[in-house]
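Read the structure below first, then the notes.
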Amino acid sequence: MKISNHSAVPVYTISGSSTARPLPEWLARQRKRSLKKDPEYANRVELLQDFEFEEASQCVRISEDGEWVMSTGTYKPQIHTHYLPHLSLSYARHTDSLNQTFILLSSDYSKSLHLQTDRRIDFQTRQGLHYSTRVPRFGRDLKYCKNSCEALIPSVGVNEDGNGEVFRLNLEVGRFMKGYEVDVGGDDTTAFGGGSLQGSAGVGAVNTAAVAEDSHNLLAFGTSIGTVEFWDPRSRGRVGILTPPFDSAPLTGKAEITALEFHQSGLTLAAGSSSGLVHLYDLRSPVPLLKKDQGYGYPIQNLIFLNSSATSRSQITTPKVLSSDKRIIKIWDQDTGKPWTSVEPAVDLHHVAWCPDSGMFLTANEGRQQHAFFIPQLGPAPKWCSFLDNIVEEMAEDADDPNSFMGQQAGSVYDNFKFLTLPQLRELNLDHLIGTTRLLRPYMHGYFVAQRLYEEARLISNPDLWQEQRAKTVQAKISKERESRIRGKKKVSVKVNRKLVERMLEKEAKNERKRAQRVLELGGDEDLLEEQAAAAQPGEDAVDGVAEAGGETKSATTNILGDSRFTGLFQDEDFEIDETSREFLLHNASTKVEAPTPLPRGLTAVEEEEMQDIRGSSESDESSSEEEKTSITKRSKPKPARQAPPAMHVSSSTAASKPVHRTEKSFGSRVVSLKERTRDEGAQNVTVVGEKEVSFVPRGKKKGAAAPTGDTGRVRSRFDKAARRSASGNTMRNL
């Protein structure tokens with residue numbers, strides 16, 4: 001893709017002889033390896049598949065729905081039809097003779113009418129040639145009047161009355177009607193061929209026609225003598241004639257009218273002459289409003305008013321007119337005639353077609369390849385090749401500066417754009433701007449919208465959205481940080497690799513706590529995190545900070561668990577990670593692997609019988625031992641006394657473990673009941689009420705002593721001074 005015109009309004013050549021060298025197919029196959037290293041051939045852009053003919057193309061038309069392109073060319077004479085959404089050739093069809101021009105009768109390619117050079121008119125349909133007929137004389141042009149359903153064929157020569165004819169073929173009835181008789185100056189009967197049906201070499205002719213189908217439906221016919229006649233199809237009579245201006249005739253002879261075009265309003269008519277001049281007329285005045293010289297002196301072939309449709313507006317601020325001859329295409333201002341831009345291809349042009357509401361032009365020309373030109377400032381690329389907008393913008397340094405398209409440096413032009421899909425545009429009420437402004441640039445399945453327009457649309461749709469969203473974000477982060485640190489582990493609903501998911505969730509929760517802490521330190525303003533990350537020095541910490549600050553609210557682990565691509569990792573046992581394998585231990589040396597608990601081996605029938613026998617004997621032994629233990633316990637332990645009601649009494653720590661004997665007798669009666677104690681009586685037969693202290697005093701044995709005295713101790717009050725022990729505790733002093 002190259003820039004054809006390095007002016008203030010650049011023109012890009014998308015396809016044509018200047019974009020890539022035309023090579024024969026056999027040579028391209030032979031040099032396939034070497035062409036891979038050729039930058040010019042490798043970087044070529046093929047807009048449409050096989051958008052070419054073997055020798056030359058004659059005419060090109062774009063369907064009304066904008067999805068089909070039909071072209072005719074030679075050699076051999078054939079018709080090519082391209083389907084634009086697929087950017088490919090739909091079919092190629094050969095004809096019997098060369099085509100001069102054709103028109104599309106339907107909104108698509110299904111019905112077309114072709115004027116051939118052998119005076120034939122062919123009706124082409126999807127299936128092929130439907131019908132063919134002949135006109136009496138050679139035709140120069142072909143037009144279609146929708147209101148009367150008639151095909152108009154301006155022709156060469158005169159009738160028996162000396163007038164030129166425009167043949168009328170009624171497509172509804174299927175026959176020729178009486179034609180329009182136009183004054184073409186008659187025929188020179190003295191010249192060779194004069195008076196014959198076709199006329200002499202200098203016979204007059206009706207060269208071209210125009211139909212104001214969008215307004216008053218007048219018919220305009222341009223003649224070889226330079227006049228323009230206007231006919232009303234309702235009355236089938238001439239309503240006016242427009243004579244050529246005085247300065248329009250060249251020095252060599254008279255100027256013929258070779259091109260006519262009505263404005264959409266029906267009040268302005270553009271007339272192109274054989275001398276390369278274009279005149280703009282107001283139908284209410286015979287004086288031309290504007291005169292424009294093409295510059296080369298060749299006959300004007302095409303005139304197009306660059307009008308936008310009713311549903312969109314063009315990118316240009318003032319109306320423009322396109323005029324072309326075989327050498328150059330010029331676009332100039334309709335009001336002042338000031339040149340706007342021009343295209344001069346390397347080959348001769350035959351026909352030019354404009355894609356409505358866009359900056360794309362297609363041409364039929366000499367040479368193998370057909371041309372396609374794109375002017376970004378005229379309009380966006382058509383919807384079937386919207387990627388051209390991206391390519392052109394990447395080639396420009398500044399998208400808003402027209403002079404920047406001349407540079408070769410690429411710039412980032414989508415920094416201030418927001419990508420939105422079509423449903424999002426409808427929510428913001430921006431879908432009516434599609435195809436009408438450069439603020440919406442189509443890309444893939446959506447559009448790049450200018451950030452300023454996006455913010456304004458959001459505020460208009462919801463004025464409090466910004467404040468609500470900011471308060472909600474800050475509150476969510478603060479609440480997440482203030483929640484309890486002790487959290488129960490959520491049960492992960494996976495079949496395999498549960499530990500892997502738990503580690504991922506734990507790591508993600510740790511990062512979330514760090515990020516929330518940073519947000520709280522900055523006062524809840526998350527935008528400051530991006531500024532700090534941008535100002536930080538490049539390094540690992542800065543990268544980690546940016547990654548944490550720019551993370552999404554939805555956890556990455558949740559996305560992985562819900563992603564269908566990773567379902568087998570957590571559901572299929574074939575993907576289970578063996579943590580005991582050698583590979584896992586090499587990659588995760590610090591991971592503690594829990595040893596699997598061995599399952600007990602099942603017992604055989606013989607082992608079960610032995611276990612039952614052992615269990616029965618052990619149960620009998622245990623029952624007998626339990627009975628013995630129970631009897632011993634009953635004998636050793638006294639029978640628990642009946643619990644008495646609470647009462648106050650005096651006791652000491654030494655008597656706490658002894659059973660308490662309670663009587664309801666008086667002190668005197670209890671003293672009388674005591675027996676007289678002797679020194680030989682054992683201490684165990686003494687019944688004492690109150691405090692008691694027992695001391696064992698060793699005594700030396702005498703020779704010849706028969707037996708001990710039997711005094712094992714004394715029973716006295718601990719407060720008896722005579723019987724009190726020495727405080728030193730040395731009992732050997734009393735020996």
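Indices start at 1 and increase along the chain as displayed.
Including glycine, each Cβ sits where the backbone N, Cα and C put it.
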Feature region 'Disordered' in TrEMBL, mapped to one of the ranges 91-116, 143-168, 273-298, 533-558: 533-558
Residue distribution over DSSP helix, strand and coil in the domain 'NUC153' (563-591): 17 helix, 0 strand, 12 coil
DSSP helix/strand/coil residue counts for the domain 'Nucleolar protein 10-like second' (413-462): 20 helix, 14 strand, 16 coil
Predicted model, mean pLDDT over the domain 'Nucleolar protein 10-like N-terminal' (1-397): 84
